[in-house]
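**Q** Please find one structure pasted underneath; my questions will follow.
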Amino acid sequence: MAAFATKQSPLLLASLLILIGVATGSFYDSFDITWGAGRANIFESGQLLTCTLDKTSGSGFQSKKEYLFGKIDMKIKLVPGNSAGTVTAYYLSSKGETWDEIDFEFLGNVTGQPYVIHTNVFTGGKGNREMQFYLWFDPTADFHTYTVLWNPLNIIFLVDGIPIRVFKNNEANGVAYPKSQPMKIYSSLWEADDWATQGGKVKTDWTNAPFSASYRSFNDVDCCSRTSIWNWVTCNANSNSWMWTTLNSNQLGQLKWVQKDYMIYNYCTDFKRFPQGLPTECNLN
């Protein structure tokens with residue numbers, strides 16, 4: 001292993017949504033820094049955002065808009081060096097006790113050991129759908145693009161355009177799918193050394209603080225979004241758009257490559273965790 005490693009009715013959608021075709025501008029326009037007491041900052045006229053973590057606090061931000069389906073890109077440069085115990089989270093989530101959520105979490109490690117990408121999908125407040133991966137590059141050396149493509153057919157997680165995971169809409173087989181709760185984008189840098197690195201065996205070395213993750217090139221040009229409950233600004237849901245995208249044959253090959261060579265945990269093969277039987281979708285995918 002590498003070292004661094006049910007289609008909804010268009011009429012229904014149209015009743016909710018209208019057309020957006022412009023790329024997002026600066027981080028000032030798209031996000032609010034929500035916590036961290038000055039540890040998250042925007043630079044370069046809104047083109048760069050950084051989150052920092054020290055022993056006192058981490059930091060985070062969230063999108064101004066909500067999304068109901070979308071193709072959302074963010075370039076992230078992760079915490080370099082000894083990042084053990086740190087988590088850089090980048091995810092979409094709705095509100096309430098029965099929330100939906102689509103997660104990227106980047107689990108730090110000691111110097112020279114690989115980051116872990118932790119992914120999960122929550123529906124109606126229920127998760128337990130973790131898949132974890134190493135990467136085929138050093139994610140701290142430069143910015144790389146992390147994408148969530150979420151439409152009525154599937155949720156696709158991509159890294160630099162390469163799919164690493166697909167969660168399909170299997171509602172017809174009794175599997176819940178996030179399709180009705182708008183979500184905001186959230187990101188944060190925080191400490192979780194009780195579980196994040198090697199199951200909590202390696203703790204955060206605070207002599208390396210402050211830790212910092214950087215963000216560029218946020219893009220939500222292909223999305224269904226709203227700025228308030230009464231003001232939907234939305235997407236082109238025609239048959240040729242991202243709204244009905246699934247993996248093509250080349251992407252399926254890429255997915256198989258990643259899952260063969262870089263996947264380190266798959267809930268769908270964890271029989272000890274699910275002694276009464278694997279979740280339904282595991283037998284369908």
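Any Cβ shown, glycine's included, is placed from N, Cα and C.
Marked as signal peptide by Swiss-Prot: 1-25. For 26-215, the entry in Swiss-Prot reads domain 'GH16'. The active site, nucleophile annotation in Swiss-Prot covers E101 and rests on sequence analysis. The feature site 'Important for catalytic activity' is assigned by Swiss-Prot to D103. Feature annotation from Swiss-Prot assigns N-linked glycosylation site to N109. According to Swiss-Prot, the feature disulfide bond maps to C224-C235, C268-C282, an assignment based on similarity to another entry.
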**Q** For the disulfide-bonded residues C224, C268, C282, which Cβ has the most other Cβ atoms within 10 Å, all shown protein chains included?
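**A** Answer returned by the neighbour count: C224.
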**Q** Name, in the order they occur in the sequence, the residues of the same chain whose CB lies under 8 A from the CB of E101 (active site, nucleophile) and which sit 6 or more residues away.
**A** Y91, L92, S93, S94, N120, V121, F122, G127, P178, M183
**Q** When DSSP states are folded down to helix, strand and coil, where does D103 (site 'Important for catalytic activity') land?
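**A** Going by the DSSP assignment, D103 (site 'Important for catalytic activity') falls within a strand, counted as strand.
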**Q** Let me know the DSSP-derived helix, strand or coil state of C282 (disulfide bond), please.
**A** helix
**Q** How many Å lie between the Cα of the residue listed as 'N-linked glycosylation site' and the Cα of D103 (site 'Important for catalytic activity')?
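**A** Between the alpha carbons of the residue listed as 'N-linked glycosylation site' and D103 (site 'Important for catalytic activity') there are 19 Å.
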**Q** Which value does the mean pLDDT take for the domain 'GH16' (26-215) in this predicted structure?
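**A** Per the prediction, mean pLDDT sits at 96 for the domain 'GH16' (26-215).
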**Q** If you compare CA-to-CA distances from C224 (disulfide bond) to each of the recorded positions D103, C268, C282, which comes out shortest?
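**A** When the Cα distances are compared, D103 comes out closest.
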**Q** According to DSSP, does C224 (disulfide bond) sit in a helix, a strand, or coil?
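**A** The three-state answer is strand.
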**Q** Quick one: what's DSSP say for N109 (N-linked glycosylation site), helix, strand or coil?
**A** coil
